[in-house]
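Student: One structure, as structure tokens, below. Some questions next.
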Amino acid sequence: MREMGTGDSASRLILWFCLGFLILGVGFVQCGVTYDRKALLINGQRRILFSGSIHYPRSTPDMWEDLIQKAKDGGIDVIETYVFWNLHEPSPGKYDFEGRNDLVRFVKTIHKAGLYAHLRIGPYVCAEWNFGGFPVWLKYVPGISFRTDNEPFKRAMKGFTERIVELMKSENLFESQGGPIILSQIENEYGRQGQLLGAEGHNYMTWAAKMAIATETGVPWVMCKEDDAPDPVINTCNGFYCDSFAPNKPYKPLIWTEAWSGWFTEFGGPMHHRPVQDLAFGVARFIQKGGSFVNYYMYHGGTNFGRTAGGPFVTTSYDYDAPIDEYGLIRQPKYGHLKELHRAIKMCEKALVSADPVVTSIGNKQQAHVYSAESGDCSAFLANYDTESAARVLFNNVHYNLPPWSISILPDCRNAVFNTAKVGVQTSQMEMLPTDTKNFQWESYLEDLSSLDDSSTFTTHGLLEQINVTRDTSDYLWYMTSVDIGDSESFLHGGELPTLIIQSTGHAVHIFVNGQLSGSAFGTRQNRRFTYQGKINLHSGTNRIALLSVAVGLPNVGGHFESWNTGILGPVALHGLSQGKMDLSWQKWTYQVGLKGEAMNLAFPTNTPSIGWMDASLTVQKPQPLTWHKTYFDAPEGNEPLALDMEGMGKGQIWVNGESIGRYWTAFATGDCSHCSYTGTYKPNKCQTGCGQPTQRWYHVPRAWLKPSQNLLVIFEELGGNPSTVSLVKRSVSGVCAEVSEYHPNIKNWQIESYGKGQTFHRPKVHLKCSPGQAIASIKFASFGTPLGTCGSYQQGECHAATSYAILERKCVGKARCAVTISNSNFGKDPCPNVLKRLTVEAVCAPETSVSTWRP
């Protein structure tokens, strides 16, 4: 074991200082947060900490307490959040900290739960958030250049950072004041951007660090993905794996600020899933190397309400395949397996923070990391890096079986209490179920294209960049011009129609010719620039061409935000006329920001004039583009999370009682959904689902936004969907599965005082649990033996205990939860001696009121 060095001495001095004051009867002493090369020290004590990202504006305030408590119950110590500048300062000097923007309330809720907080001020956040969290008005500060050594930008950034720090200080929220905030972050993932900028980037990064330190928060600052972070700022890692990361100084701890629990979804793409076996493997690899702080990005992803989604093309759902899903429900097995991982690692904490690992080879692709402390504490991590084969290894004269791509954790260097690949918790099957809400009665309002040239428009020569015109007050900008066609044009006499070609910098465009939709075109997140090319039907005389350019979230990654373009910058040209090509780019164009319905505030309950609304049955017969639909509904009974099923619609936006649910788009997902394995390096395209289906079909409707009755639902449809297909559904657990082997690791089999001695073997159990208000209605599958398949498609194998169904029905049906011990005696006899068996179960969950309590 290596000597701990000066960092260890410093931590002991801090600890003795604190204890000395307590012994002298001085009372409570706040010793603050410091660090050494092993870990963060809180009040002088080194800590292994697990953190979870929960972004306050991506859920509603009434959800915060439950989300944070679920995180705590899952073994989380710290809640991490970005701070979103564009929410808090929507216009220069005017601040908003109300509702979902109530940062103080969120941090106090963390404190109330007894957890710590990590405040990532940025103020650049990325986060798949509109404009990376920057307010768009910042783009128009004279002389500004983003994220570089630029005085206007630094002045604005300093002002906002200091405003947030002072707000936290005024509420005593830093740990140095007795609050929960133990870490703060300045900038975000700047390393690559700084390299591109050279000296200016380095100067800016150094300035940002000094500016942050000068705020005197009393807690450490971090910079993620910034190898040159100057002392005392800690540089940290983001990624799917961080076991190869090392801080830039030997006296700084290994901190993983973003352990990606999944990945975000983009319109037109599939959903991404990261197997929990691989996520647990990545975390265990980081800890076995000496890591002491892991933050799951995300632990609860939530929803991109309103127009907050960035990308562009990032979906309204920001579920992220996180342990707590978009709706605030626990995602199993990810939540439970990580909870067991946290518990196992915390058993090793004394050894982990007191020693350095001794690494030895125990096979061709297997290693042991052993932590032996002077106190006698010993913990070991046995790793199998082979992606194909399990390994049987010898460690401390004991054999251990390691599945492929897995790590076993031995808190006492003897008993394996956890293996990253052996999932013993249940899998919960989630479904969207009908509610008792009656069929919606719709009214519709058509955008009047003939009234676009009113006082809200302006005319100029040439094509203008979209955000410079809209200032991001709307997704929509009209580009309108006229084309005169002579009687002699050949296409008027049976010839080929002319072709309109439009080059756009993003993100979508709808083409109207003389008031009729002629075509649409869309970019993608990878290629936001696109070209539209289509035949158009013109008549003799003056023809009106109206192009509705649509933004689908502003980009959130990169530098020089001031230079980014959106909208139609051309060229725009007609081909196939008698004169050949007619370039329309530099003629007069008339512009209108937003839609008429937006100007009329049609989405708000107090602004829904009856003039212009018609019975939707008239529009359903022939769906029209650019149509507003409204209806009223009563809140469904119960407390299950709610969503709108938008499968029959096209693209647009949704509001409930004036609150924006967000953008919807039922674009079909393309990708490869054919294969998924937990083994091997994870990438977002590895485990995908939803190919050939709408990228996002369901849209979260927070219950906090509903009244008991007469809730106003407004939909703006760009393409012409059918509102009669829209329905309100509830998210609930429909069934649970579990599969546990005879010798599954059991934490009960570990007691530190029995190290090296024989002990009673505690047999593993299958645990099944439905959601609150539910009970197990039936057993769909049960087999103790060698069953085959996966959850939802199990089959009996060659070995099967005939009593399996009867045992599970007797112990579980009619109950909200049950546990069944995996033993031969429990099932009458050994169905296949000398064969490793497992108990596999699939159960159906239903409301308690509908489940009979009778059991055979």
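For all residues, glycine too, the Cβ spot is worked out from N, Cα and C.
This is the feature table in Swiss-Prot:
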- Glu189: active site, proton donor (ACT_SITE)
- Glu258: active site, nucleophile (ACT_SITE)
- 760-846: domain 'SUEL-type lectin' (DOMAIN)
- Asn468: N-linked glycosylation site (CARBOHYD)
- 1-31: signal peptide (SIGNAL)
Student: According to DSSP, folded down to helix, strand and coil, what is the residue listed as 'N-linked glycosylation site'?
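Tutor: In the DSSP reduction, the residue listed as 'N-linked glycosylation site' maps to helix.
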Student: Within 10 Å of each Cβ, count the other Cβ atoms, then let me know which of the active-site residues Glu189, Glu258 comes out lowest.
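Tutor: Per-residue Cβ counts within 10 Å for the active-site residues Glu189, Glu258 bottom out at Glu189.
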Student: Name the secondary structure element type, per DSSP in three states, that contains Glu258 (active site, nucleophile).
Tutor: strand
Student: Once near-sequence residues are set aside, which residues in the chain of Asn468 (N-linked glycosylation site), 6 or more away, have Cβ atoms under 8 Å from its Cβ?
Tutor: none
Student: Pop the Cα-Cα gap between Glu189 (active site, proton donor) and Glu258 (active site, nucleophile) into the table, whole Å please.
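Tutor: About 11 Å separates the two Cα atoms.
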Student: Please give the average pLDDT for the domain 'SUEL-type lectin' (760-846) in this predicted model.
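Tutor: Averaged over the domain 'SUEL-type lectin' (760-846), per-residue pLDDT gives 95.
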Student: Helix, strand, coil: count each for the residues of the domain 'SUEL-type lectin' (760-846), based on DSSP.
Tutor: 12 helix, 34 strand, 41 coil
